[in-house]
Structures are given as C-alpha cells and as structure tokens.
Amino acid sequence: MTALRLRKGSRGKEPPLGAEFQSQQSNCCSDHHPEKILHGDWSWGVIIWTSVGWSVSVGLGLLCCIYMATLHENDLWFSNIKEVEREISFRTECGLYYSYYKQMLQAPSIQEGLSDLIHDNLTESKRTINLLQRMNIYQEVFLSVLYRLLPIQSYLEPVYFYIYTVFSLQAVYVIALYLTAWLLSGSWLAGTLTGVWYILNRVDTTRVEFTISLRENWSMPFLALQVAAITCYLRPQLTDLQQKVMVWLMYVTTFCFCLTWQFNQFILLVQALIIYSLDCLDFITTTQVTTLYLVQVSSLLSVWLLQFCNSMILGSLVLSFIVAALFIRHCQSGLKTGSPLVRLGRLFLHSAMVLLLTVTINYLAKKALQLRSDEHIFKFIKSKFALGSTRDFDASLYLCEEAFGLLPFDTLERLAGTLLLYPYILTLLVLSGTLAVAALHNLRVKGGAAEERKGAVEGRAGALRPDVAYNLLHTLFYGLLAFSTMRMKYIWTGHMCAVAAYGVCGKELWTLLLSTLRCNSKVLLRLVRYAVPLLVIACLYYKFWPKLMEELSELREFYDPDTVELMTWISTKTPKRAVFAGSMQLLAGIKLCTGRVLTNHPHYEDKDLRERTKQVYQVYARRSPEEVYDIMKAMGADYVVLENSICYERRHRRGCRLRDLLDLANGHIMDGDGENDQDLVPATHPRFCEEVKTDAVSYTALFTRTFQNKTFHVYRVKKKRKKITKSSPEPSASQQQDQAL
C-alpha cells in the first residue's frame, strides 16, 4: 500500500505514455492560439495574429451568409415574386413555423399575439392547443417582437428580416466551427480551412437555402457554439474564472439549442453518451463530468419551464440517462480502483446498471406522465433495425422517406471530391489509435478518489488531451448517427470539417509522421503545418472557384401556378373560418397563405395529431364515401383537398407510396404487380380519391367539387347527408349550388 500511495503521489514525476507527444500538446499556445491573450500574453505579435484570426473568422462567416442568401435569391427570384409565391416557397413544415411569425406581426399587440398562440384554435380544428408548449416557435415570437420594436419597418419587409436572420445564423455556425478547429490545432489556418470546406460542401453541410424555417437551421449554430465552449472548457490551464465563463457559455448555448429544436433530447442523449464514455475511459475529471451533465439538465429544465411544463422533456431518455449515470456513479465510488481486469469488469457492470436504471426511470416517467408524444420515433427505430412491425403507418412514413434511410455512397464521393474525406479519415484513424492506447494506459494506472485525480489528466492520459478526446468521440458518435439516418448528416459534416482541419494543421499528426520518417524538427514541423493547409486552400480555390461563380450566375424563378391558383381561390372564395383537410405538407401552406383552420399539420410530435393525420389520409385509401364523410364531419372539415401527386404517386416504389401504406394499415392488398402478404384481403370499395372524380351519385350526395386544376381537386363536405335511392335523379347544377350553400 505504501508503494502504491507513493506512486500516486509521484505520478507527476513519472514519464507518462507519449511524454514528448504530451509536452507538445500542453504547449498549445506557442503559435497564434486564441488562449494566449487569456493567459496574459499581450505582446504585439500575439495581438496582431489573434486579431487577424478573428477577422478571418468573421469574414468567412459573412461570406457563407451572403453565399446562402444569394443562392436563395437566384433560385427563386425572391425579390421579384408576389407575396403569395414567397409564402408558398416555405414548403411543408417551414410554412407552418413561418405562419406563426406572420400571425404575431398581424396581431393588434404583442400581448394579444402571445395569447392567440397560447390559446390557438386555428392549427387543429375542434381543439384549442398551446403552441408555445407543443412546438419550438420561440424564435418566431422573438423575431416578431424584435421587428415590432426596431425602427426598420419602413425599409425592410418582415419576410426579409426573417430570412436574413436565419442566414446570419449560418455565419455564426461557420465562426463556431472555425473556433473549434482553432482551439484544437492552435492555428487559425485550421479555422480558415474549416470554413472553406463547409462552404464548398454546402450540399452536405446545410440545406438552409431552400428550407429556411426548419428547426435545425435555427439550432445547429447553437450546437456548434456549445461544442466550441466544451472544447475550451476541457482544455488544461484554464483559471477558475475562465472555467466559470465557459460553464455559463455552455449553458446559454445548450439552452438556445434545446429551445429551437424539438429533437434536442435525442441529440443531447448522444452527447451524454460521449461524456459517459470519456468518464469511463478516465479522460475527464469527476467535476467536469458532473458539470457537463448538469449543464444539459439545467438547460432542458429551463426549456421545460418556458414550454409550459412540456411532458415530452421530462419523459426524455437523456434526462433518465443522466439521472441514472449520476446515481450509479455516486453509489460505485470504487469503480476506478483495482487491477485492469477488475476495473474492466466493474466498468461493464457499471454500464449495465446504468442502462437498466435508465430504462426503468424512463418507463416509470412515461407511465406517470401518460406520455406518448415521441413513441413514433421509437417505432421508427424498431422498424428501421427490424425490431418491430413494418406495417405501422407512422413508422412507415419515416422509413419510406429517403432522408431517413442510410447515408448514400455519393455523399462520401462528394466529400472526397473537395479533399475533405481523406484527411478526415487519416485523422480519425490516428486519433482513434491514440485514444485506445491512452485508454489502456488509464486502466493500468490505479485510480483514487475524485479529489486526488482532479488534476491528473495531463500526467496520466499523456497521449490525448480531453478536448481532443471529446471532439474525436463527438465526430465518431454523430458519424454513426449520420450513416444510419441520412437526415442527421448535417450534424456530422460541419464538425467533420473542423476535425479534418485539425488533422491538417495540428502538431500531433505531423509530429507522428515526421518522427516516423526520422526528420522531425521544430522548423520543419512549423513549415509543414503552414505550407500544407495553404496548399490545400490553393488547390480548392483553383478547382472550385470557377464552379462557384458559375453556380452564382445561374438564375431561376419560382413557378408553381397551380398552387398559387389554389391559394388565391381559398383566400377569396371560402369563409375565413373554413376548415380544410388534406396532406400535412399542403395544409401548412394553406395556413400560411390563407389563415384558414386545419385538421392536421406536419408537426408530428403528438399522438392525437398522428391519429388525426392517418384518418384524414383515408381519402387516399379504399374507403366508402360514407366512411370518409363521417371522418371529415368528426373533424369539422368543410373542405377536403385532393392532390393528384399523391393519388397517382409514382415517386416512391411500391410499398412506400402513401396509398400503399394506407392499404397495409387497413389490411388491404396494394395496387400494382408484386407480392402481398397472405393476410391482406381485397378492399370492398374503390379508392376514394379516384372514384370521387367520377361524380357518382353516392359521392355527389356527400361531396361537392368546388375547385379543380391540373394538380388539385377541392370538395366541399356537405352539411347533411342526403338519402340516396335508386330512383333519385342526379341533382341539377342549381340544386348542387343550393346544397353547397
């Protein structure tokens, strides 16, 4: 025991694994590092280099912002089209979110606007819901209030204030990634390369130019800022004051991220798993682990309060996991003591107990809260990995969308084309090997109390700084998420640029390579670290600058006359309180352009709404007119809008068309050639969306066609059912008009 205690006490004198490697890392401020000023170095050289670095970051951010705004303008000719066309360009759920910004601006006062959102009866017919509780629309509320207060109404239209704010957040996103790369590598050239790669890989790093209002476009910049703050917080040699500032920055950015995206809990769950892994591998101290967990918890609870005690947050997996991890960690104080095999066994037991307690807490919380809002996501996960039924309608809606499929191979081809993939993979391999060696070394070192291990990261881990380890696991975990679900690639690819730039500009990889070649020297290391990124930037400029100029010179124009005609007709020919039924995507546009009441909408995080949507979609199934009529009357619908693009859909393969999903859910055989499950039976009625257009008596008795063009057919749901007899003649046009009125 005496020898063991002496070894602990003298650990700082013991040469750690990769001591030379560590000494170069700990001397991270030897170049133009942003932390040098924080450590009191106010020499002119440091001030100039740091100022240049910050100026380049702002310049790249503004360049990205202007680039995205220009692409949006060139693609739609946004400045020259009519207001209704601008609003139609906010496709699907984007239109729904923007409609609340518009609604707040049209309200007589801010107080009345907020009251209308809290007691909303326009978004879902026959229901009054609290939109601030249900949806993440505080950003629309904030912008509408800001637009009212600022003296800009005379020269800046509300829609431009909105879209320019979103594009400005892209500048914040690039600056955050820039800072992360700068902090990791100690060179702002890494930040420059990160920004350049982000812009050149626009197709895979963002989709803001055509989905402006999507929640991820609001939240991702704050997530990137949070990662930059965590990176700085985990760096060695920070003073207590600097650590406190970083903790507050982490809280603010995490809070903003959670407030602006309903899927925040799943992203934070992955991040919590990263923190847990770093804790188990002994890369960060107990204080850091607890602080990072509490930042997540406090941010989620703050959002929970702002969202009027939204039960979906309390029932989230991430909260259950953090509570379980902290509780088990407190109970197992001797987790990091003993021989390597004993520690490894305890680690597996510890993880199993955390997993079991997480599932138990989450199950009990959802039972107590009667929470079913997010069950469609778990159904999707089960179906995706063949763990559950594939006939579930909600899960199938996700599974059949390309965005929720596996990451396509052409994504990697595009990333390789911009020279991003190769340094990223090399950096990943080297850092993963370093992480494994450091983790094994940590297992061999006998652990002690948390207080004794507080400052041991530099001396014990040796081969990997905590901030580098965090970013490595961040890119690995979110990379796996991106490969499993393509839509999640936007979380991965931006950070991927920072990691690759760190590999190109950081000391660690070049030191390892030059040492292997036996030509390592400070002069050569500095030369390579500056020359290689400049050479990469020059190659990218030569290859992509003409393509960027060609892309910016392409001018298109928004053109959707059928939808414009439909919105104009609804605005001028239907009552203001008329209730419309139809597809989620179209109804979001109807609410934005016309302000009419909806039966359903694209914000899918509600059990009752999902059931409503499935019922409304029966207009595309094989159902009798009487059944469809009863559904519409139960929801209070006055009009139902049918879309030829859904009724006669060919975009998806058989089994993934909306009509096929409905047939499967209803137990009916699908259309077209192909196999059907043996338990499916032929439907007793024709498909409603096709048959209603024949004007058969059984349909005209319940529905009256009031509008049609090449894309849409609108039918008015009659107030009362008309009795149908065999001898009853077809109603005349005047009778149809009287019945419609």
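In case you wondered, yes, glycine gets a Cβ from its N, Cα and C as well.
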Per TrEMBL, which of 141-160, 181-200 is transmembrane segment?
181-200
Taking a Cβ cut-off under 8 Å, which residues six or more beyond the ends of the transmembrane segment (347-365) line up next to it in the same chain?
276, 280, 314-315, 317, 319-321, 323-325, 327-329, 332, 335, 371
I need to check the long-range neighbours of the transmembrane segment (46-69): which residues 6 or more away from its ends have a CB within less than 8 Å of a CB in the stretch?
32, 34, 36-37, 163-164, 167-168, 170-175, 178-179, 182, 188, 191-192, 195-196, 198-199, 202, 206, 208-209, 548, 552
Lying 6 or more residues past either end of the transmembrane segment (527-545) yet within Cβ distance under 8 Å of it, the residues of that chain are 187, 189-190, 192-193, 196-197, 200, 418-419, 501, 504-507, 510, 514
